[in-house]
Amino acid sequence: MATNYIFVTGGVVSSLGKGIAAASLASILEARGLDVTIMKLDPYINVDPGTMSPTQHGEVFVTQDGAETDLDLGHYERFIRTKMTKANNFTSGKIYSEVLRKERRGDYLGATIQVIPHITNEIKARVIEGGKGHDVAIVEVGGTVGDIESLPFLEALRQLAVDVGREKTLFMHLTLVPYIPTAGEVKTKPTQHSVKELLSIGIQPDVLICRSDRMIPANERAKIALFCNVPERAVISLKDVDSIYRIPALLKSQGLDDFVCDRFRLTCKEADLSEWEQVLYQQANPTGEVTIGMVGKYVELPDAYKSVNEALKHAGLKNRLTVNVKYIDSQDVETKGVEVLQGVDAILVPGGFGYRGVEGKIRTAQYARENKIPYLGICLGMQIALIEYARNVAGLTQANSSEFDKHCPQPVVGLITEWQDESGNVETRSDESDLGGTMRLGAQQCHLIEGTKAREVYGTETIVERHRHRYEVNNTLLPQIEAAGLKVSGLSADRKLVEIIEVPNHPWFIAAQFHPEFTSTPRDGHPLFEGFVKAAKEHQGKNA
């Protein structure tokens, strides 16, 4: 069957939740037995978000094949079973880079390179390639209609609708329908103007998703349908909800999936959303709560740790617990002391880059170790735990990472210069390598040592987890640290790189070089986070 395309755009304001809406629709279509994928087209000029500040852009989500992508791809994977790849996210920067590379190579035979047709053709080619082999490909365009940066993408999608046929494409537009308290009613004019903006570039939306803080009355939906030239059944009300996992049922109740299937003439079963009903039941019926102290350097923007936050919630569902996250700036630990860590049931130190706040994280790891508080370290959080143990237990008092001190006399963590990827290829890097796209990225196999807490938590000998880092444990100094009691519980497939460490005489102290949060989902959870949240509850019980 040829691929059907749903193009998702946003209007009026940004941050309306296009990614969540797209993922929710995808989950309903998947529940109807369709093979669905989702793509995100980002208009910014960066080649990828890998070198962007987390406090500006939010987290960088890493796919199985090692793409550094927009955090929306994390939402996609949490809502549907399809795994994202490099084909599921591309930016203006990536498109322009490829077109310029082809021009230098002579592919265009001396033609004058222009936005139309060269840039738009490259966008279309990537969308078609990303949708191959799927029944439905949902394509989300970042930004807001009217932004100059989005124009090449919108023009490419307009052309693509003509190329593949309007019967195989559907334009879904998210808009804001604000409620004005003084008038006591919702206002549809912003939506009308947003659709007018789309029409000016040749796109007639087929479905309107109207975001508001309440359900939009039938008479207002009829008004929107009339003025925006869409069927009344295609005007969908999407109100604010207390859980994003309610949205699939909310969209289904208004017949959005039926409209899509009718449009594409797809014959498929009714959607079974029982898995999502189970998620919502677990969420609504907790038997207790725990507080996790997350000690990081980007805590002013929780989206910088989006997948970690979601993984903690998923672990809460599996343990029937509400998980509260207390964000603690690691610099506050440096200036105010470990008192800021009091009152938490467990401590999590997530990934990060750069020296700022590192000493606060080291003091945090020491506090968790000495006070028997459950600790989960992720990426930098593992390196921090290693440095702390080396300094305070193994006698390597000048231990540090060469990331923070290039002339450190005891570099227990150093730049990784060579490793083997999942395909068996050897990757090499040096201090002179570019920052962008040069880390150890993507899914890697990890061997778990028998008799360790990590092996017990996962319940298997071999796991596959995703990486995003350029520094690793220095094997030269490792024997001295192990002799002091630290346990290596996970190794890379070739047994050369340390992937997991743990403190044996501790209720729950595990730190991993990889990012387990990227593979956690609300339906399946993740064993490492589930074990961590369970340990937090047990610690809470001991201190009650």
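Cβ coordinates are placed from backbone N, Cα and C, and glycine is handled just like the others.
Among the candidates Asp72, Asp163, Asp303, the one that Swiss-Prot lists alongside Ser15, Leu16, Gly17, Lys18, Gly19, Ile20, Lys239, Asp240, Val241 as binding ATP is Asp72. Binding site for UTP per Swiss-Prot: Ser14, Lys187, Thr188, Lys189, Pro190, Thr191, Gln192, plus Lys223 from the candidate set Lys132, Lys223, Lys252. Among the candidates Glu300, Glu310, Glu403, Glu517, the residue that Swiss-Prot annotates alongside Gly352, Leu380, Gly381, Met382, Gln383, Arg470 as binding L-glutamine is Glu403. Each residue contributes its Cα atom, and for Met382 (L-glutamine binding site) and His515 (active site) these two points are 11 Å apart. Between Glu403 (L-glutamine binding site) and Cys379 (active site, nucleophile), the C-alpha separation comes to 13 Å.
Within 10 Å of the Cβ of Leu380 (L-glutamine binding site) there are 25 other Cβ atoms, across all protein chains. Taking Cβ-Cβ distances under 8 Å and a sequence separation of 6 or more, the neighbours of Cys379 (active site, nucleophile) in its chain are Pro350, Gly351, Gly352, Arg468, His469, Ala512, Gln513, Phe514, His515. Leu380 (L-glutamine binding site) and Thr188 (UTP binding site) are 48 Å apart (CA-CA, integer value). Highlighted in sequence order, Gly351, Phe353, Cys379, Ile384, Ser401, Val413, His469, Tyr471 have their Cβ within 8 Å of the centre of the Cβ atoms of Gly352, Leu380, Gly381, Met382, Gln383, Glu403, Arg470, the residues recorded for L-glutamine, and are not part of that set. Looking at Lys223 (UTP binding site) and Gly17 (ATP binding site), their Cα atoms lie 23 Å from each other.
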